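According to TrEMBL, the protein has these features:
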type: ACT_SITE; residues: 66; note: active site, proton acceptor
type: BINDING; residues: 66-67, 71, 140-141, 151, 168, 170, 181-186, 241; note: NAD(+) binding site
């Protein structure tokens, strides 16, 4: 079963000697800023490692958008490396800082205490004939999607061995609270505060009106496989990246990951300010 829930928000004193810098692939402005940042860090006796996640890192600096952060979240969580996101475009839910704020914020991090949020992640495993026991980790969500098939999927889903229901839908989203603002929200799922450890189950375009999103405790082990026809197949996608094919002879297992992502947050804005900005709350149309 999954690890016990951890405190959501903590304070940390970071002793930084080696910083990792992750840039969006083939992004000229990000590469240029990474070079500038490497020089800035060197003047403070901090070495930098570019586009590599290793256990020795004291901090991981993301230059890009939320997608860039999602790409390295599993590795950062595995090694318990605190992550800070600097968005070089529009502000994201995870990459909170602008480029103009970056150096000031990093100076504060180097010289003082930082606030770190422990963001729950999901662990996905495929079991069965084509399942090799390997695992994938997602910060936002694990999605079962029918892709280009013209048939509605029938997905029997169980929680700790107890049948929830057979979802008849175009797919199924298993989301973290962090991911509640992503695909889950587009599919009609609820917004969930990141500190509320839970697993969201949201059907995609359900065939039945009674199929509604569900919020489950973080120690739930979810299992999903096909009900009915042996001809069904679907794609399993983890944080936007294809992982496996779900077939009639395989089962998908979802649970809370052993390690959370350590996300450094900015005192310059809070979760609700980001929601207002991204979802345009309070803006006159």
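A Cβ is built for glycine as well, from the same backbone N, Cα and C atoms used for every other residue.
Distribution of TrEMBL features across the structure.
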residue	record	Cβ neighbours (10 Å)
66	active site, proton acceptor	23
71	NAD(+) binding site	19
141	NAD(+) binding site	27
168	NAD(+) binding site	17
181	NAD(+) binding site	24
183	NAD(+) binding site	21
185	NAD(+) binding site	18
241	NAD(+) binding site	10
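Counting only the Cα atoms, the space from residue 241 (NAD(+) binding site) to the residue listed as 'active site, proton acceptor' is about 14 angstrom. In the three-state DSSP reading, residue 141 (NAD(+) binding site) counts as strand. In the three-state DSSP reading, residue 168 (NAD(+) binding site) counts as strand.
Residue 185 (NAD(+) binding site) sits 16 Å from residue 66 (active site, proton acceptor), counting Cα to Cα.
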